[in-house]
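What Swiss-Prot records for this protein:
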| type | residues | note |
| --- | --- | --- |
| SIGNAL | 1-28 | signal peptide |
| TOPO_DOM | 29-285 | topological domain 'Extracellular' |
| CARBOHYD | N45 | N-linked glycosylation site |
| CARBOHYD | N69 | N-linked glycosylation site |
| CARBOHYD | N231 | N-linked glycosylation site |
| TRANSMEM | 286-306 | transmembrane segment |
| TOPO_DOM | 307-633 | topological domain 'Cytoplasmic' |
| DOMAIN | 355-633 | domain 'Protein kinase' |
| BINDING | L361, T362, Q363, G364, K365, T366, G367, T368, I369, K384 | ATP binding site |
Amino acid sequence: MPPLFLPSSSSALFLLLLLLLTLQTLTSISLSQPQALRSPEKCGNFSVSFPFQLSSSSSAAAFRLSCENSSTLFLHINHQSYRIIEFFTDGLLVDFPSSPSCRQFNDLRSFPFSANQFFSISFENVIGLYDCEDSSLCKFGCETNDLFGCDGREEDETSGGDIGCCYPLSDHSAWRVGDDFSVFSRYGCRGFSSWLVPRGTNRGKRGVKLEWAIPRNSPEAICDREARTVNATAIEGSVRCVCRDGFVGDGFLHGTGCLKSCFKDGKELYGDKCKIKKHNGKKLTVLAGVLAPLFILGSLLALFCLLKRPVTSHKDQQFDISTTTTTTNSVSFRKGYNKTRLFTYRELEEATKGFQDSQKLTQGKTGTIYSGNLTNGTRVIVHKVLCENQIEFMEISSQIDHLSAVLHRNLARIIGFCMDIGYNPLVVYEYPVNGSLGDRLRLGLDWCKRVNIVAEVAGLLALLQYENYPPILHTNISSGNIFLDEDFQAKVTGFGLQRKQRIDTSMYDFAVLLLEIVTGLKQREETVTQALQKIRSGKLEEIVDPSMYFHEQPVAFREQIGLVADIATRCVLFGGDGKFGMVDAARELLQIAGNNGGGGCDKKRDGIEETFSNSSLLQMISMSPDSIYLPKT
């Protein structure tokens, strides 16, 4: 049959739209103005940033400040005025109200403060208590901090001062969130002093640090697209916005937002000024006038070629049939392990509506996963495996053969496959009713289910890696490749060609998955680095998924979240040299999940509630015969 010449109206329309958009961009680019940080309000040496404001137009009255004598800032809370000493990204250091001069010790009632949804006393304060009757309040090691007196000298016996009984609020044993300093009167204390000792340092600043945050559901809590949301440490249900690395600003959509930051010629620049090359308006106008006609001619030529291009058969795609038809008989699949069906490419193409983007579930290093419906109404997952040549085609066919023989309750059931020569290999999985883990995390998922899911995934990956020959490595483990059945049990899909995959990259991918479980956010390389920094600096609560309400969780669950974050850290740090592998991660996660029988979880899973022995890998991570998935006959 001679080739068909069919005009493509959709392609022509696409080119026409592209042409119009390009012309609009070229003609308007000279009118664009570079971004710049808005100038903050000033009071003496202080720069006032969002959400704080001096003007009466502030949408949140709680953050309205007053400037006296054009130099002194005050914060007003419940009819009390606190002089501001210093601003921080997460709080502000204030002086004692109604205190005209610095005192070595203050009365326990001299700092009246009631925590609210905007402000709370920070954990970073260290308290020096005077004349306490109960010495159990004093904490060993606290006095090693450099705490300075009113004269600027360090408080110690040689300088004539003494901090008395030293107590860090981060201890939480005597003082808790919401308390004021009068709580120390229970221990017979008669006075106190306060210093801010930032985390990671031992040098104190005299005053009381108040943490600030905005209620999670407030319109002012919306973050800029280049910022992330962090939970407040001492204010339940409130958050702050923090710009990503390389960006500056307050992070809030209604504030200055986040602008790109860079240095040029010794000066710090922001926004569009950080672009590598700048042109003035006249140059851009000339450039647009030259490029526009050239683009029009090129588009018309491309459109003409497109309309005259013969429509080719699908069989011409990806592989040369003439050189590969003899290999069909060499593709062998074992029978009897799992009743699988051999699909045609056309069947799966129809099931996925021609592999439309609307059917796409996720895309990764191993290929693309689609949602589809077979002609009998069965909903399925179709994995179009990435394949570049005949050798990879044969390797993938062998791996699918091997994978089909593995029966495990956390391995998504393989319904069938398509190995038509000339197309990418297609693997068809059963579609679990609760969709992908990534989608469920965006909708909200309680901690019990999260930790059970990653424990199951770790057990499966360790089993495939160490108890199968040849070993099976998942080269793209992610929340998009993990699906959940009606009981929220994990069903892993997305196995692809094991090109030169190393175990350390698998451990890194698994660490990213654990961080997503903790934060509820899809992780990128830069966000992984930021999350690990927060974990190592003791600020885990700032990255925990806000939908889990970290401070409202039972203590046991908060400890478990910390343990999972620690496992993620070790996967990154020690996964590359083999000091911490998937077996180690599986052992610890299964132990965490196995302890969740009480404490608010519905019930233990059959596979998790077993007691595993350290003497055997199979005893430790494999599932009992009852937990292995057997297809119905």
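The backbone N, Cα and C atoms fix where each Cβ goes, glycine too.
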Set of same-chain residues at least 6 away whose C-beta sits under 8 angstroms from N231 (N-linked glycosylation site): S238, V239, E541, E542, I543, V544, P546, F550, H551
N45, N69, Q363 as recorded positions, winner by CB count within 10 A: Q363
Number of Cβ atoms other than its own within 10 Å, given for I369 (ATP binding site): 24
Residues near G367 (ATP binding site) in space but at least six apart in sequence (CB under 8 A): H383, K384, V385, L386, C387, N424, G494, G496
Non-site residues, in chain order, whose CB comes within 8 A of the mean position of the CB atoms of L361, T362, Q363, G364, K365, T366, G367, T368, I369, K384 at ATP: H383, L386, N476, G480, N481, G494
Residue among recorded positions N69, Q363, K365, I369 with Cα closest to the Cα of N45 (N-linked glycosylation site): N69
Count of other CB atoms lying within 10 Å of the CB belonging to L361 (ATP binding site): 22
Euclidean distance between Cα atoms of N69 (N-linked glycosylation site) and L361 (ATP binding site), Å: 60
Count of other CB atoms lying within 10 Å of the CB belonging to K365 (ATP binding site): 15
